[in-house]
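Reading through the structure tokens given below for one structure.
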Ligand code: UD1
Ligand code: MG
């Protein structure tokens, strides 16, 4: 019944990660768009495992909940007490008694691991029909890691933890990356023989290698091409270092596909983002979540886009957007804030100091300056005057404003929702629009101007203003008189 290549993936994620000093379990810390655990699961994805088991313990509820979001097919297995990596794998295998073929075990804290590397490890393991294969790497600084100890023939003898190692063994720079392939049956048998005879009094998964070797089983070492992939994360300093390394990898990937990144050191792109050719990402820019940037778009400098879709040829300068859609050739900023469900059509514009939310701004329509557009639909080719507020909130509920196409609304308007402005309508500057405006009408909704002539000379005699007024009045006694005619 058992098939040679049936695969089970076991991810070890029960540890607390004490040195993170966090209420969040270590494996849930985010790194450019995925949690540490999410990265590991992604790296294992292409193996096409029949089953994925994640050993949870510290913060088990949080980790389970996260799994249900990112890997609903994975089975969480509880390791109540963290009695070591060997114990953790034992718990995992107990939960899948029928597991056969290859078991791949991955520490939950190696987020830079590439799928190709895991695949190469598994292929080497299966090709060699080994009982166990460990991924190893030569690292510049092996501090804290398990060392690969080889015999005179260069064959793996044992994996020794630093704290249990002799000074000679500590000098070795070939380390255990915490990623392994095992034959299920032989792993199960060896796990049953693990002792806790070590400095931490734990069951070490790594001891399986010496046990198998002593039993005459073939064990192997597979070397990672790039040690960076094997770097683990034990504290926030290491997390920051991993983030920089991943940033560089991601940026390099996009530059090689034809994206310009003007300052790669200040550009942080989540692994979940996509960017099309000839887009230009200017400095100090973060692209996060489900963001996509279309061909030839310009994003940045100083811009953060979260779950935002940017159309081809659009430009977004010094702005912040969350859950927005920016149409092709649209223009945003400088200093705009697009909130969820903001939708800009082709060549639409949201300019400087403008905030939008649940707002659909049609093709070619513009909101150029100092405005709030919330719960609104604006048709095509309309212009919204500077300093306009869509008054969407009555203190209890939100209401909608609809502006038609080719409308021209004056500066400093309030649209008190619910209200509609028809196609081709105008509104006067300074209007508070509380009633619908029919298509083609001009709405004026403001106090009439009244000039009280000579008031300053009478009421503010002796001031600089009065003096200026007097001077102005001397040469032209009628000045202001014409302006007051409409009073
Ligand atoms: C482990 C290896 C070490 C290797 C290093 C690579 C052992 C004994 N040592 O050491 O050789 O160089 O990883 O990073 O395996 N975990 C559980 N349950 C437990 C203990 C740990 O699920 O009872 C999980 C942790 O959450 C973590 C992973 O196993 O994801 C590794 O545990 P950790 O304590 O970080 O092991 P290291 O000391 O780093
Ligand atoms: Mg570790």
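Every residue, even glycine, has its Cβ placed from backbone N, Cα and C.
Automatic, uncurated: that is what TrEMBL annotation is.
These features come from TrEMBL:
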type: ACT_SITE; residues: 369; note: active site, proton acceptor
type: BINDING; residues: 12-15, 26, 79, 84-85, 146, 161, 176, 234, 339, 357, 372, 383; note: UDP-N-acetyl-alpha-D-glucosamine binding site
type: BINDING; residues: 109, 234; note: Mg(2+) binding site
type: BINDING; residues: 386, 392, 393, 429, 446; note: acetyl-CoA binding site
type: DOMAIN; residues: 9-165; note: domain 'MobA-like NTP transferase'
type: REGION; residues: 1-236; note: region 'Pyrophosphorylase'
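Less than 6 Å separates the Cβ from ligand 1 in the case of 12, 14, 84, 109, drawn from the binding-site residues 12, 14, 84, 109, 372 in sequence order. Sequence-distant neighbours of residue 392 (acetyl-CoA binding site) (same chain, 6+ residues apart, CB-CB distance under 8 A): 374, 375, 376, 398, 399, 400, 401, 417. Its Cβ taken as reference, residue 446 (acetyl-CoA binding site) is surrounded by 15 other Cβ atoms within 10 Å in the chains shown.
A 10 Å cutoff on Cβ-Cβ distances gives residue 234 (Mg(2+) binding site) a total of 15 other Cβ atoms nearby, all chains included. When the binding-site residues 12, 386 are scored by other C-beta atoms within 10 Å, 12 scores highest. Cβ crowding, taken as the number of other Cβ atoms within 10 Å, peaks at 372 among the binding-site residues 372, 393. In three-state terms derived from DSSP, residue 26 (UDP-N-acetyl-alpha-D-glucosamine binding site) belongs to a helical segment. A straight line from the CA of residue 146 (UDP-N-acetyl-alpha-D-glucosamine binding site) to the CA of residue 386 (acetyl-CoA binding site) spans 64 Å. For the pair residue 109 (Mg(2+) binding site) and residue 26 (UDP-N-acetyl-alpha-D-glucosamine binding site), the C-alpha distance works out to 8 angstrom. Each residue contributes its Cα atom, and for residue 176 (UDP-N-acetyl-alpha-D-glucosamine binding site) and residue 393 (acetyl-CoA binding site) these two points are 59 Å apart. Within the same chain, residues at least 6 positions away in sequence whose Cβ sits under 8 Å from that of residue 26 (UDP-N-acetyl-alpha-D-glucosamine binding site) are 15, 16, 17, 20, 36, 58, 108, 109, 233, 234. In the three-state DSSP reading, residue 446 (acetyl-CoA binding site) counts as coil.
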